[in-house]
Amino acid sequence: MVAKALAQLITCIILFCHVVASVEDLTIRQVTADNRRIRPNLLGTHTESKFRLFMSDYGKNYSTREEYIHRLGIFAKNVLKAAEHQMMDPSAVHGVTQFSDLTEEEFKRMYTGVADVGGSRGGTVGAEAPMVEVDGLPEDFDWREKGGVTEVKNQGACGSCWAFSTTGAAEGAHFVSTGKLLSLSEQQLVDCDQACDPKDKKACDNGCGGGLMTNAYEYLMEAGGLEEERSYPYTGKRGHCKFDPEKVAVRVLNFTTIPLDENQIAANLVRHGPLAVGLNAVFMQTYIGGVSCPLICSKRNVNHGVLLVGYGSKGFSILRLSNKPYWIIKNSWGKKWGENGYYKLCRGHDICGINSMVSAVATQVSS
């Protein structure tokens, strides 16, 4: 144990020295918008030319010179943040993303959205899922390969991740019970759901202002279910509630919270379908690809709702000097982010709080 800890410390020191010594010309791979080419991103040199390249790749425009200068300054800071993330998380690739002109506060407000519940599991109290047999689970598992996951969606500049996590779980549960995959309406939740956590009346579902997946389940049980995406399409902003009970496609029967145990999470995933989860998205702002296995990532600052769709058995972690199993996570920032819209995160030790807010839902077909 001492030798392993010493080896990890030496590795960290080497990585830190490398970053500090070469910050002016450190190269981080940047996947461009088409996800087919890779360009070098020279940190600290020719910052403005790199900023213009970023603007071109991601279709960014600024209305005034003042705004341009402001965003350029933020971009320069985020390039350095990407270098720091690369050092802390070398088994993944970090660099310039579509969020590189946003402050951390702007990023959290516009692109995350799980309500702050003070580090607790949060949300309406559902029954805790019964313990599930974990022996015999497959080494690797992916609901995408079985046809149980819809295409990656895009929440836009709206803190509605909680709605996408909720619909993803309902879509998966419906697929497990019927064999049919439907794309369900996030906009119904954004417009109509105002359910609150009974333990914290400030933690209410509030459209683009954030919410909780368990609150959303409670709303759906009371409202009668979810419409399909095609009948209630997403707009990226809150509007008047247009829910039509006659158009309900899937009804929510109940929901459960999954125990804080990674084997139980994996077993429930395999047996019951994709799971709604919350996590700390701090490393996701600069994430481009690979298995993210950060040395330090707070478990308490859970702020983003995503969908757990599978797991893999072998993702090499440089800092941890071994192969580590990982989760496969569907995000809601479009296909140009991450690995075609997906995130891989190390399993073990509740990294980034991934175990702390996991729930499953049971559905039935609308009659």
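Cβ coordinates come from backbone N, Cα and C, glycine included.
Sequence annotations record features per position, and here Swiss-Prot assigns signal peptide to 1-22 based on sequence analysis.
Per Swiss-Prot, the feature N-linked glycosylation site maps to ASN61 (among others); the stated evidence is sequence analysis. In the three-state DSSP classification, ASN61 (N-linked glycosylation site) falls within coil.
Annotated disulfide bond per Swiss-Prot: CYS158-CYS208 (among others), in sequence order, evidence recorded as similarity to another entry. According to DSSP, CYS158 (disulfide bond) sits in a coil region rather than a helix or strand.
Under the heading active site, Swiss-Prot lists CYS161 (among others). Neighbour list (CYS161 (active site), Cβ cut-off 8 Å, at least 6 residues apart, same chain): TYR111, THR112, GLY113, VAL114, GLN155, HIS304, GLY305, VAL306, SER332.
Under the DSSP three-state reduction, CYS241 (disulfide bond) is assigned to coil, being neither helix nor strand. Annotation for CYS241 (disulfide bond): same-chain Cβ neighbours under 8 Å, separated by at least 6 residues, are GLN188, ASP191, CYS192. What Swiss-Prot lists as disulfide bond is CYS192-CYS241 (among others), and the listing cites similarity to another entry.
Taken from Swiss-Prot, the feature N-linked glycosylation site covers ASN254 (among others). Neighbour density for ASN254 (N-linked glycosylation site): within 10 A of its CB lie 12 other CB atoms from the protein chains shown.
Per Swiss-Prot, disulfide bond is recorded for CYS297-CYS352 (among others). Neighbour count (other Cβ atoms within 10 Å of the Cβ, all protein chains): 23 for CYS297 (disulfide bond).
HIS304 (active site) falls within a strand when secondary structure is assigned with DSSP. All protein chains shown were included, and the count of other CB atoms within 10 Å of the CB of HIS304 (active site) stands at 28. The active site annotation in Swiss-Prot covers HIS304 (among others), and the record cites sequence analysis as its basis.
Sequence-distant neighbours of ASN331 (active site) (same chain, six or more apart, CB under 8 Å from its CB) are VAL152, MET284, VAL306, TRP337, GLY338, GLY341, TYR342, TYR343, listed in sequence order. The active site feature in Swiss-Prot is assigned to ASN331 (among others).
Around CYS352 (disulfide bond), the C-beta neighbours below 8 angstroms that are at least 6 residues distant in the chain are LEU279, ASN280, ALA281, VAL282, PHE283, PRO294, CYS297, SER298, LYS299, LEU345. Taking a C-beta cut-off of under 8 Å and a sequence gap of six or more, ASN61 (N-linked glycosylation site) has these contacts in its own chain: MET55. When the disulfide-bonded residues CYS158, CYS192, CYS208 are scored by other C-beta atoms within 10 Å, CYS158 scores highest.
When the alpha carbons of ASN254 (N-linked glycosylation site) and CYS208 (disulfide bond) are compared, the span between them is 25 angstrom.
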